[in-house]
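**Q** Take a look at the following structure, please.
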């Protein structure tokens, strides 16, 4: 990931859509957060309840019944309920990974950027080394040792994401450290802790918000990918990735099984990325066109 204050890219259809309809991505993310908080509590059925007599019922728009508006899967489980449960899993994993990775990256960036010297070099090398590990390989190793769980997925994503926070925020710390008001505060006798909390840290908030929004999309797609491969959220917990994996065998006979979780995953990740782009434009005038 490159620094936010980079040269503005050429205008694309996606960025134009963000400028014209910024509320669309924000609205989609608001719905996602709502579903993530409420989850199965607003689901019409138990997402894990099996009923083989009602397996592979089509959605309403394909001639199905309103009792199961998005149809059922091969085990008779309500797809709408499982999508809502999967949204909760994605929200918990994504938010947990973003918050923890952001906290670790922020602390490392503050220490490395403000302290400088050998400590900066060591922390930067650790971050670079952590970025060299592929997410899937890291997940396979940790799952083989500790087993599958939601907490393990969060841990994998935190280990994969925090170096990106650290590198980007470190550059912002160095930039804020060189500002005149920071130099004047040091000359007037202000301590390091006071300067960091009053001057440096507030200047990191816009960048941190943009990074968190963009990394939320990465965390959601990464969780879905790991669950699709069978090394993510353990069954019977619903996950958009595992739903997509289970439904791929029914693409020709029950196309809604892979299509609906795939759409949910794609739309949510796209909305998170577009919202991150919009926040970057708001906080960084250099990217406005």
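For all residues, glycine too, the Cβ spot is worked out from N, Cα and C.
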**Q** For the feature transmembrane segment as recorded in TrEMBL, pick the matching range from 89-115, 170-196.
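**A** TrEMBL lists transmembrane segment for residues 89-115.
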**Q** Identify the transmembrane segment range according to TrEMBL, selecting from 46-68, 253-275.
**A** 253-275
**Q** So which of 89-115, 135-162, 208-233, 253-275 has the most C-beta pairs under 8 Å when paired with the transmembrane segment (23-43)?
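**A** Comparing 89-115, 135-162, 208-233, 253-275 against the transmembrane segment (23-43), the winner is 253-275.
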